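Written below as structure tokens is the structure these notes are about.
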Amino acid sequence: MLALFVRDLRLGIRAGGGALVGVLFFLAVVAVVPFGVGPDLNLLARIGPAILWVGALLASLLGLDRLFQAEREDGSLDLMILAESRHMLALTVLVKCLAHWTASVLPLVIASPLLGLFMNIEPVGIAATSLTLLVGTPAIAFIGAVGAAVAVALPRGGLLVSVLVLPLAIPVLIFGVSAAYGAVNDPNPFLPPFLILVALTLFFAVIGPFAAALALKSGAD
Amino acid sequence: MDLANPTRFIALADRLVPWLAALSAIALAVGLWLAFNAPQDYQQGITVRIMYIHVPFAWLAMMCYSIMSLSALGTLVWRHPLADVSLKAAAPIGAAFTLLALITGSIWGKPMWGTWWVWDARLTSVFVLFMMYLGVIALTRALDDPGRSARAAAIVTLVGFINIPIIKFSVDWWNTLHQPASVIRLDGPTIHPSMLWPLLICAVGFSLLFFTLHLMAMRTEIWRRRVAAMRRIAARSADRQEA
């Protein structure tokens, strides 16, 4: 399992892996917003956490269709399915999700404080936004694994993954953003939405890999 | 009777559909007539009549997704041959009812709340339901092989089922603009009988309409698959004759 994690991580970071493209896409999305709404720093400070969250959501959807695609093309996906008796397939999917998250989403989280600075968010807000991104984005990867596993056999599956995953990722977005706002705006609480966000991540860490494993098994021919 | 056999299912559907259609027409006629003669609300005036179609649409939107989830279980667990036909046939009908619930709701919301749309929990979760219907529809039609797209759609449907309890309890869990449940409650309905009865009859009528449409769509889907299979056989034999 550790070997699989390291292998996926290497493949993701290496040239052509697409991990860096996600970060660039995130930067581009966030940089476009001030042009759209105008460079009013007060407004940007207010909507900043939401922009960072939406940008991270879109950027982490970007690489999802490649989660199982390369394995399917070179046949190693079938080997992973056949190795079910030694390694549970759901566990394999979980490790692949974690590797995908480390390679292509963790850089976004690391880059988010800098972008928060550009958005004129106050320091507490930046810390809260980065923390919620750190805790919440794995849930998107786990949900996305279901979409990726379902779409792995489809021609032009990439767009369909986003369509299938986005509705399910909305709760994550809602609680992530409300926790980030709770840290800044005084009457709103920080802890309850944050704990719900943690619960969502843990919940999808169980549901996602199992459903994805089921989809991979039924999609294999 | 063995309903797993498509031919027997079609025979049963042929016999049931006219009766169901007639029953739903009668129930809808009675229900809508009662709805137009029900007392007006002392605050909402005549716009309260939107309730008699809005509420059944919303119920059916959720019921249809529940039926699709049962069909998904039927596909994945019991391998029932008609379960994926049921799922595929129900998805567009459910999407239509969800859209109608959203539209009638926003027509009702404009005079009552003063806005077409608010992002409160109930409305947002129903909107998410609509998007999930569209995703499932796209998925069921994305592959040529009906068996494989059926299993993929079944898995997505089951994962999306977590939205249904969220819709049902969203008005209790969060303070929303949408009013809380007033018919299906533990301590009995809080709605006056003069409005409850037309509503229930309308709901029965629309449910019968749903089952009619669902059976018809399932029948059509079975015929469509047979036509596709026959075309393949014909193409193959024509190929052989040429060779």
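Using the three backbone atoms N, Cα and C, a Cβ is placed for every residue, glycine included.
Unlike curated entries, TrEMBL annotations are predicted automatically.
Feature annotation from TrEMBL assigns transmembrane segment to A:12-35 (among others).
Under 8 Å from some Cβ of the transmembrane segment (A:47-68) lie the Cβ atoms of residues 18-19, 21-23, 25-26, 29-30, 33, 37, 77, 96-97, 100-101, 104-105, 108-109, 112, 115-116, 119-121, 125, 128-129, 132-133, 136-137, 140-141, 144-145, 147-149, 151-152, 157-158, 161-162, 165-166, 169, 172-173, 176-177, 180-181, 184, 216, all in the same chain and six or more residues away from its ends. For A:47-68 (among others), the entry in TrEMBL reads transmembrane segment.
The transmembrane segment annotation in TrEMBL covers A:89-111 (among others).
Here TrEMBL flags A:131-152 (among others) as transmembrane segment.
Residues or ranges marked as transmembrane segment by TrEMBL: A:159-184 (among others).
If you look up TrEMBL, you'll see A:190-216 (among others) marked as transmembrane segment.
Outside the transmembrane segment (A:89-111) by six or more residues, the chain places 1, 4-5, 7-9, 11-13, 17-20, 22-23, 26-27, 55-56, 59-60, 63-64, 67-68, 80-81, 83, 130, 133-134, 137-138, 140-142, 144-145, 149, 205, 208-210, 212-213, 216-217 with a CB less than 8 A from a CB of the stretch. With a cut-off of 8 Å between Cβ atoms, the residues of this chain six or more beyond the transmembrane segment (A:190-216) that come close are 68, 77, 81, 88-94, 97, 128, 131-132, 135-136, 138-139, 142-146, 148-150, 152, 171-172, 175-176, 178-179, 182-183.
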